[in-house]
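Asks: Got a structure for you, written out below as structure tokens; questions coming shortly.
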Amino acid sequence: MKVLLANPRGFCAGVDRAIEIVKRTIDMLGTPIYVRHEVVHNRFVVDDLKQRGAIFVEELHQVPDGATVIFSAHGVSQAVRRQAAQRGLKVFDATCPLVTKVHLDVARHCRTGRDMILIGHAGHPEVEGTMGQWDQERGTGRIYLVENIDDVATLHVAQPHHLAYTTQTTLSVDDTRNIIDALRQRFPTIQGPKNNDICYATQNRQDAVRELARECDLVLVVGSPNSSNSNRLSELAQREGVASYLIDSAAEIDPAWVIDKHHIGVTAGASAPQVLVDGVLARLYELGATSVSEHSGKPESMVFALPKALRLQLVD
């Protein structure tokens, strides 16, 4: 039984930045430090940060007045930002810069009075934050959420000829392409972003798992169940005709999965650390793996800067 590792896999620049913001804020200010929502969607990472003193909450009313709060990599609405300011909270923003780019795009269309369509998953924190960039007081248009092609077919917008779209950054590239095609067919004058809003890390990891699936009869994706991009990786492998399972750690591997399997692919979502992948490899060796090789993949060199206050602390 041979194991093939996808490349790239695991942490992206936005996740690296978000985790580092929490760690450095704790080092700089001490505990408690509050984090609104899981800073990234990975149980192992969140548990580690809890042990360091981070307190995770879902809403700002759970944060004491004047305390320090970190916004997660998924971003927050303008209403949350206003609430934090009104309560005198010290804020460090771990929103991924690629999510911020989408937020700025939504705000720009709002100012022009254009209607806006967001392609995304209802209830996902990134979607809630992006929808919350729409300021009815500063624009006359509306924002709509579509999750699939069926939503496009039944969508009624107020301004079909004054319309734009954007996307959640962690969606399936293939699914998003199909939805965009449906939008363009129904609304021929709709405007889109200059560049695809699916983030570079999402696309690279999906390309890598597609290549992996061509050579394997089983693909294991390391990632937590609430990780959007990790779920898309497992779904993509399945669409390529390969059995695939999303696992939080090596402990979730069922030995029955690897019976009569000759090539097992392993990848990890953008919020899953390499230590979890290492654990999966060790478990596969126990189950009979004879070798591990790694695809060359697409190199990633993206690095996002920390907030200025944390950079200054490093210099000091």
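If you go along the chain as it appears here, the first residue is 1 and each next one adds 1.
Even glycines carry a Cβ here, placed using N, Cα and C.
What Swiss-Prot records for this protein is below:
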- E126: active site, proton donor (ACT_SITE)
- C12, C96, C199: [4Fe-4S] cluster binding site (BINDING)
- H41, H74, H124, S227, S228, N229, S271: isopentenyl diphosphate binding site (BINDING)
- H41, H74, H124, S227, S228, N229, S271: dimethylallyl diphosphate binding site (BINDING)
- H41, H74, H124, T169, S227, S228, N229, S271: (2E)-4-hydroxy-3-methylbut-2-enyl diphosphate binding site (BINDING)
Asks: Please state whether DSSP places S228 (isopentenyl diphosphate binding site) in a helix, a strand or coil.
Replies: helix
Asks: Fewest other CB within 10 angstroms, which one of the binding-site residues H41, H74, S227?
Replies: S227
Asks: Round to the nearest Å and give the CA-to-CA distance linking C12 ([4Fe-4S] cluster binding site) with T169 ((2E)-4-hydroxy-3-methylbut-2-enyl diphosphate binding site).
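Replies: So the Cα of T169 ((2E)-4-hydroxy-3-methylbut-2-enyl diphosphate binding site) lies 13 Å away from that of C12 ([4Fe-4S] cluster binding site).
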Asks: Specify all same-chain residues, apart from the site residues H41, H74, H124, S227, S228, N229, S271, whose Cβ lies within 8 angstroms of the center of the Cβ atoms of the isopentenyl diphosphate site, ordered by sequence.
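Replies: The surrounding set, listed in chain order, is V40, E126, T170, N226, S230, G269, A270.
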Asks: Taking the Cβ of E126 (active site, proton donor) as centre, how many other Cβ atoms lie within 10 Å?
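Replies: Its Cβ shell of radius 10 Å holds 26 other Cβ atoms.
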Asks: Taking only the residues the record lists as binding isopentenyl diphosphate, namely H41, H74, H124, S227, S228, N229, S271, what is the largest Cα to Cα distance between any two of them, in Å to the nearest whole number?
Replies: 15
Asks: Expressed to the nearest Å, what is the distance separating S227 (isopentenyl diphosphate binding site) and E126 (active site, proton donor) at their Cα atoms?
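Replies: With the alpha carbons as reference points, the distance is 11 Å.
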Asks: Starting from each candidate's C-beta and looking 10 angstroms out, tell me which of the binding-site residues C96, S228, N229, S271 has the most other C-beta atoms.
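Replies: Top count of Cβ atoms within 10 Å goes to S271.
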